[in-house]
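Enquirer: After the structure tokens below, expect a handful of questions from me.
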Amino acid sequence: MASTTGALILAAGKGTRMHSDKPKVLQTILGEPMLRFVMDALAPVFGDRVWTVVGHRADMIYAAFAGEDARFVVQEQQLGTGHALQMAWESLRAAGLDRVVVVNGDTPLLATETIDFFLKESAEADIAFMTLTLPDPGAYGRVVRHNGHVAAIVEAKDYDEALYGPEPSEINTGIYALRLDAVESLLPRLTNANRSGEYYITDLVGLAVAERMNVLGIQCGEDPNLLGVNNPAELIRSEALLRTRLVIGHIEGGVLIHAPETVRISPRATIEPGAEIYGPCEIYGTSRIARGAVVHSHCWLRNAEVESGSEVKSFSHLEGATVGKGCSVGPFARLRPGAVLDEEARVGNFVEMKKARLHKGAKAGHLTYLGDADVGAGANIGAGTITCNYDGKNKHRTVIGAGAFIGSNTALVAPVTVGDGSLVGAGSVITKDVPEASLAIARGRQTNLPRKPKA
């Protein structure tokens, strides 16, 4: 695609029918903002030549895409789609574009192949738009044709049969291709003389026809995937379709997915051929599951990495965690951001880790909290052990040396270090460093007293 063609996403609206405080384009599908699916569909065609018009709660959209190479244009007042184009015009011109494809930010089912097709079909047009024929056109803008040629697009609420004739079933999808040189003279002529009091991008069509420009309405059959998401029911429908599309893609790519109808996978997740997933299971964000890894049912992963030969057992929760090769996690384990398991490390049931590392072969079998900790190779953490890392104001680190053995029900009060090969007796409260190859016991002495006879 030539570098003079770009894309504009309209994402400034409130989406009141979603009954939510956040912008409609931030409603989540498979753990991702709806807007991301639109951006992902456009990126292979336009690269970084994609702008997004934001308005309502723009701050939330900025935060959702912080750190990413996204370009935004602000529409302070939401005065319609035509006004949104006017707000973006200077940016589009400054980028040296000849053509721009305009899409709505609430079309998560939009496919890259559809955009490719549309660009080829509209190559010679001054203005082109995609249309569908629906048995029930609903609230979508109607396409008016005279002798097969496009005459205008009329919003449903403004349609008057006395002016335009019998109401057609062909509707506008809201996807446009505009030649900037042709449209530039038309933009200032948009008015808000309609029932909504808004400036419609659709009015450019009628203006262009009046100027005898080349206007095309490109028909795409009855594909509902081109339509926007306007309410919770449509959001759930779109999510179901995308979930199926993504899961089938992974299966066809060589991933073994059991009960695939119960598995949810983010479009940003990477699952290598030869990995095995048991449903129900949820894999979100930039998670990566390597070849030969197994994730069992009822697990939840976000931005987690699981290397080959590792097994994540049922009911485990991993977020921002890294699981090395040949590891075992769970069942019922929780690995929070910054948790790292090196090769052949093991974490059992009801173990929680946060900003903690288990080096090669280290084990924490059950009922343990490891926070802000470094556990050396081959060390063993007994049941009920906790690192007391927070003093009410600051966090402190615990270091456990290679080959150390921490007895059950031990409290390690950070900052503290247990040296290599040391043994900590069960039930100890360790407040001072333990030298290498030492035995540390810090608990009250047991006293046995005879019971008094019952009266």
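The backbone N, Cα and C atoms fix where each Cβ goes, glycine too.
The annotation active site, proton acceptor is assigned in Swiss-Prot to His366. According to Swiss-Prot, the feature UDP-N-acetyl-alpha-D-glucosamine binding site maps to 10-13, Lys24, Gln75, 80-81, Gly141, Glu155, Asn172, Asn230, Arg336, Lys354, Tyr369, Asn380, an assignment based on sequence analysis. Annotation comment: Swiss-Prot describes Asp106, Asn230 as Mg(2+) binding site, evidence class sequence analysis. If you look up Swiss-Prot, you'll see Ala383, Asn389, Tyr390, Ser408, Ala426, Arg443 marked as acetyl-CoA binding site. Positions annotated as region 'Pyrophosphorylase' by Swiss-Prot: 1-232. Under the heading region 'Linker', Swiss-Prot lists 233-253. The region 'N-acetyltransferase' feature in Swiss-Prot is assigned to 254-455; the stated evidence is sequence analysis.
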Enquirer: Which of the binding-site residues Asp106, Ala383, Asn389, Ser408, Arg443 has its Cα closest in space to the Cα of Arg336 (UDP-N-acetyl-alpha-D-glucosamine binding site)?
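Expert: Its closest listed neighbour, by Cα, is Asn389.
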Enquirer: Just to confirm: which same-chain residues, 6+ apart in sequence, have a Cβ under 8 Å from the Cβ of Gly80 (UDP-N-acetyl-alpha-D-glucosamine binding site)?
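Expert: Those within reach of Gly80 (UDP-N-acetyl-alpha-D-glucosamine binding site), by Cβ under 8 Å and sequence separation of 6 or more, are Asn192, Ser196, Glu198, Tyr199, Tyr200, Ile201.
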Enquirer: Please report the number of other Cβ atoms within 10 Å of the Cβ of Tyr369 (UDP-N-acetyl-alpha-D-glucosamine binding site).
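Expert: Step by step: centre on the Cβ of Tyr369 (UDP-N-acetyl-alpha-D-glucosamine binding site), count other Cβ atoms within 10 Å, giving 21.
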Enquirer: Taking only same-chain residues 6+ apart in sequence, whose CB is under 8 Å from that of Ala383 (acetyl-CoA binding site), what do you get?
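Expert: Non-local contacts for Ala383 (acetyl-CoA binding site): Gly365, His366, Leu367, Thr368, Ser408, Asn409.
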Enquirer: Leu10 (UDP-N-acetyl-alpha-D-glucosamine binding site) to Asp106 (Mg(2+) binding site): how many Å between their Cα atoms?
Expert: 9
Enquirer: In sequence order, what residues of the same chain, 6+ apart, have a Cβ less than 8 Å from the Cβ of Ala426 (acetyl-CoA binding site)?
Expert: Gly382, Gly407, Ser408, Asn409, Thr410
Enquirer: Roughly how many Å separate the Cα of Arg443 (acetyl-CoA binding site) from that of Asp106 (Mg(2+) binding site), to the nearest whole number?
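Expert: Answer for this pair: 62 Å between alpha carbons.
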Enquirer: Averaged over the region 'Linker' (233-253), what pLDDT does the prediction give?
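Expert: Computed over the region 'Linker' (233-253), the mean pLDDT is 97 on the 0 to 100 scale.
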Enquirer: These are the binding-site residues: Lys24, Arg336. Which one scores highest on other Cβ atoms within 10 Å?
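Expert: Output for this query is Lys24.
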Enquirer: Which binding-site residues (Lys24, Gly141, Asn389) fall within 10 Å of Asp106 (Mg(2+) binding site) by Cα distance?
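Expert: Lys24, listed in sequence order.
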Enquirer: How many whole Å apart are the CA atoms of Asn172 (UDP-N-acetyl-alpha-D-glucosamine binding site) and Tyr390 (acetyl-CoA binding site)?
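Expert: Here the two Cα atoms lie 59 Å apart.
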Enquirer: When secondary structure is assigned with DSSP, how many helix, strand and coil residues does the region 'Linker' (233-253) contain?
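Expert: So the counts come to 20 helix, 0 strand, 1 coil.
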Enquirer: Taking Cα-Cα distance, which of the binding-site residues Ala12, Lys24, Gly141, Tyr369, Asn389, Tyr390 are within 10 Å of Asn230 (Mg(2+) binding site)?
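Expert: Passing the 10 Å Cα cut: Lys24.
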Enquirer: If you skip the near sequence neighbours and keep only those at least six away, which residues in the chain come within under 8 angstroms of Ala12 (UDP-N-acetyl-alpha-D-glucosamine binding site), Cβ to Cβ?
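Expert: Listed in sequence order, they are Val53, Val54, Gly55, His56, Ala58, Gln75, Gln78, Ala84.
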Enquirer: What is the interatomic distance between the Cα atoms of Asn389 (acetyl-CoA binding site) and Lys24 (UDP-N-acetyl-alpha-D-glucosamine binding site), given in whole Å?
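Expert: About 41 Å separates the two Cα atoms.
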